[in-house]
Amino acid sequence: MCGIVGIAGKSPVNQELYDALTVLQHRGQDAAGIVTVQDGRLFLRKDNGMVRDVFHTRHMLRLIGNFGIGHVRYPTAGSSSSAEAQPFYVNSPYGITLAHNGNLTNAHDIAKDLFRTDLRHINTDSDSEVLLNVFAHELQDLGKLQPTEDDIFKAVAAVHQRCRGAYAVVAMITGYGLLGFRDPHGIRPIIYGERETPNGKEYIIASESVAITSLGYQVVRDLAPGEAIFINNEGQLFTRQCAQATTFAPCIFEYVYFARPDSRIDNISVYKSRLRMGEKLAAKIKREWGENHGIDVVIPIPDTSRTAALELANNLNVKYREGFMKNRYIGRTFIMPGQSQRKKSVRQKLSPVELEFKGKNVLLVDDSIVRGTTCKEIIQMARDVGARKVFFASAAPPVRYPNVYGIDMPAKGELIAHGHTEQEVCDLIGADGLIYQDLDDLIASAREGNPEITRFDCSVFNGEYVTGDIDDAYLERLERSRNDGAKRKIENVTIDLPNVQG
Ligand SMILES: O=P(O)(O)OC[C@H]1O[C@H](OP(=O)(O)OP(=O)(O)O)[C@H](O)[C@@H]1O
Ligand SMILES: NC(=O)CC[C@H](N)C(=O)O
Ligand SMILES: [Mg+2]
């Protein structure tokens, strides 16, 4: 998952873009980038690292202009190379920069067409560079010296015709304005807001509402699937439905893990959805383990599971205790690129408070079990400090299938629940008992916030891919090219394109 932001301001936007990216940092820790524009000139700074490491004062001073876009990256295609940090830039037509959250499922095929038919060069293995070139080609094809909003929306419509998969996008068309658009399934989130200033209205487009509200803008609304928004250089706003057919199916994993709890996505409070996950899981525990379940204390695995664990404990009528302390200087483990780094980080990141475990039957709660890295380590840690019994609960169902829409779970062989029953997973992680949320309950936890959404992308749980273009051959190719071992072999061979001086 990546984080994206774009601002069409009336005063310099560099600091606000930076602030928004720090608010979106949980969506991508590998690389960060900002591009701004002033007087038809672009200023770009991007590199590997967290936001605070990529932008120093000397970079910020050079990121001038009242319009700009930013990105935090969690790679799901290509490599972790700094050359694949975003935003991407293409000089023709007009000079376009683009930042993307999601993953195209047909990037490989389009890349061939871009070369053979559109005579365009792609310099990396990033699907986002492909997406940018498709948009640029379609805009160029209209052959206008000065594109209107109609032209820009036509080019977005053509992107929807050619691209498959998940894409929430912000882009800048130099000299013309700021653009945002969402794929026809609305898989990844994108929302916009506005603010009155003495110089006129300013607009912000971002992955999550918390980036909008924390910067002092008011949320207007989420983009609909297939919809685009364009704010021209004069500050006029246009929105248009650019897809012929749409089937709304937002990603349910945003609610489970990715998004911040203080965001609202598609009119659903992420926080409340997690409370409901806890409530429903408690009901299942009572059903399956009985009222005399023997649990002395409920302990969350920080950070993400806290909200669900709290409500689970309330509903079980058992004490909720913060039995693991998190080192605040270590980021999210799951979105780290390699397994050895992830494993080491769990122990560096979480340490137990012994007195909460000694002689007790503890129920550890996590939002999800994916590779099993976290729970294996944590269960052992709980035993090491004297827990009598260690039960484990997951607020999401077993993750059994790869993700192809912007979450880096490419290899089914790396998923602990793939090909295993729940009892086998319980044995593998070394728990005394394991309980998973039912998929219907997870869906209900999100849906109760907005009953108008009739479908979610739940592919990691049920193997049903909403875009309908994923078959076994695709998944096998993906697994071969992006499993942990294969990723280690991808080298940083691409030369970076111009950055503001490092
Ligand atoms: O089974 P695994 O492969 O270990 O993946 C699942 C774990 O990874 C995530 O935590 P993470 O440390 O990324 O972030 P958090 O601090 O937001 O919980 C998630 O919240 C689970 O704890
Ligand atoms: N997680 C994402 O949204 C990744 C965006 C894009 N596919 C990349 O790898 O850079
Ligand atoms: Mg976690």
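Positions of Cβ are set from backbone N, Cα and C atoms, glycine also.
Unlike curated entries, TrEMBL annotations are predicted automatically.
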Candidate from Thr247, Thr304, Thr454, Thr467 that TrEMBL assigns to the same Mg(2+) site as Asp366, Asp367: Thr304
Listed recorded positions adjacent to ligand 2, that is, members of Cys2, Thr304, Asp366, Asp367 whose C-beta is under 6 A away: Cys2
Lowest local Cβ density (other Cβ within 10 Å) among binding-site residues: Asp366, Asp367: Asp366
Cα separation, Cys2 (active site, nucleophile) to Thr304 (Mg(2+) binding site) (Å, whole number): 17
